[in-house]
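Trainee: Sharing a structure here in structure tokens format.
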Ligand code: NAD
């Protein structure tokens, strides 16, 4: 049975200060995650959480706001009135404009007797504020050796702006103190991908070009821009999803076995993957990328409007809400294996999954086995599961085979509530574990691959391809993959 408790000896006393303490992320994810860890932990005496935002709120008003919001995001069975009351006793509020030096004296006063405790500044605000917040923290002597800073995405819009943000933060914090968060890496199934690869010798000889035909990574959403049109239109799917989440998943899947699970051993290997990505230049951009934008359509039978009709979206916007890319790695292990990356809004289904398609048998003696190979599906959402498809005989007189999955059912096996990604990542920050956070050079390498795609699209000057909401994206996305003789998973067996 999995141990859901954080080891009491490991978890030190801490002060966790959220900039953006009244924001959507804090209410929907961060505070519910902390509550869940609090409720499951045995030793919680040393917890102190301070929400920081610009609103003029008393502590009581803040607690009411948090209670009202968080109740919606903590599933009924996990909400315990007594635990919640105990949790909120550790919660404070501070009104502070992070960009102005004035309010920091009060923050310093509150933290004055806790310089020896773990201190975490979680910057859940726009990245444009990070530099000023860090400077103000340092000017008020708030950065102790035990201090960590967590940076939310997106860290820039391109390589140059990302460099600027990182440079400003690096003036105040050492790299070992900086936790660049990508919540996909905190998902249980991503950890399981690591366990599957490096805990099972049977996969080791299979995990390479000679056995793998293609890899598909899909992060699809059914939602549209959800009131964040202004932000989304400046970023688009390439920056919002591919640069971080998709490339991070690709790294975990494709990296060489690290010599240990230590942060730098793992991050060195991820960096090599990013550096091995073949550049997508203007001459191949049409063959290797597809960008799309949703028009009106229907999701689960309900009509939804198109991207250009959403609030805060300019009527002539060319921002992509869908991207499909054929990525290739120029290295010994993966040469010639296409990695198809795909993400979009207003798609037919909400899911995040990695599909590894193995090559079919070299010589078919059984009907239907010739064209279909084995398949490993690692699903991150909506449910977290791992399925390995094998060919088995269909009962009956004929020798017919079809794929059937071996399903690793974590819920059944471990009978425990799965941690949300933010629960794991927040605990890792407090425990000082950097493995699941991006290092600066990784981020830089990711942008170095992404920027030319963006530039190529600009140079082409073509509008994104239209797709109806509620579909799997533009038809060109199918062409991208069928041209190589492959198909997206939803078009094959399930
Ligand atoms: P939000 O707009 O809902 O909240 C922003 C918060 O920052 C508010 O509490 C606001 O009071 C505070 N704030 C703004 N300016 C401030 C200042 N000068 N000083 C102090 N506080 C200030 O935004 P959000 O959705 O919570 O997102 C926060 C960050 O997390 C953003 O960088 C966003 O890109 C990132 N993020 C959000 C999500 C999400 O699901 N909401 C997901 C991934 C990343």
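Each residue, glycine too, has its Cβ placed from N, Cα and C.
Reproduced below are the annotations present in TrEMBL:
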DOMAIN    17-192  domain 'Glucose-6-phosphate dehydrogenase NAD-binding'
BINDING   54, 153  NADP(+) binding site
BINDING   183, 187, 221, 240, 345  substrate binding site
DOMAIN    195-489  domain 'Glucose-6-phosphate dehydrogenase C-terminal'
ACT_SITE  245  active site, proton acceptor
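Set these features in their place in the structure for me.
Mentor: Within the model, the domain 'Glucose-6-phosphate dehydrogenase NAD-binding' (17-192) shows a mean pLDDT value of 94, rounded to a whole number.
DSSP gives residue 153 (NADP(+) binding site) a coil state; it is part of no helix or strand.
In the shown protein chains, 24 other C-beta atoms lie within 10 A of the C-beta of residue 345 (substrate binding site).
In the three-state DSSP scheme, residue 245 (active site, proton acceptor) falls into the helix class.
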Trainee: To the nearest whole angstrom, state the Cα distance for the pair residue 187 (substrate binding site) and residue 245 (active site, proton acceptor).
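Mentor: Pair distance, Cα basis, whole Å: 11 Å.
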Trainee: Report, in whole Å, the straight Cα-to-Cα distance of residue 153 (NADP(+) binding site) from residue 221 (substrate binding site).
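Mentor: It is 18 Å, counting Cα to Cα.
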Trainee: Under a three-state reading of DSSP, tell me whether residue 240 (substrate binding site) is helix, strand or coil.
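Mentor: Residue 240 (substrate binding site) sits in a helix per DSSP.
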Trainee: Could you round the CA separation between residue 345 (substrate binding site) and residue 245 (active site, proton acceptor) to a whole angstrom and send it over?
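Mentor: For residue 345 (substrate binding site) versus residue 245 (active site, proton acceptor), the Cα atoms are 15 Å apart.
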Trainee: Enumerate in sequence order the recorded positions 183, 221, 240, 245 whose Cβ-atom distance to ligand 1 is under 6 angstroms.
Mentor: none
Trainee: Which ones in the same chain are close to residue 54 (NADP(+) binding site), with CB under 8 Å and 6+ residues apart in sequence?
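Mentor: Listed in sequence order: 95, 96, 97.
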Trainee: Roughly how many Å separate the Cα of residue 240 (substrate binding site) from that of residue 153 (NADP(+) binding site), to the nearest whole number?
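Mentor: Their Cα atoms are separated by 8 Å.
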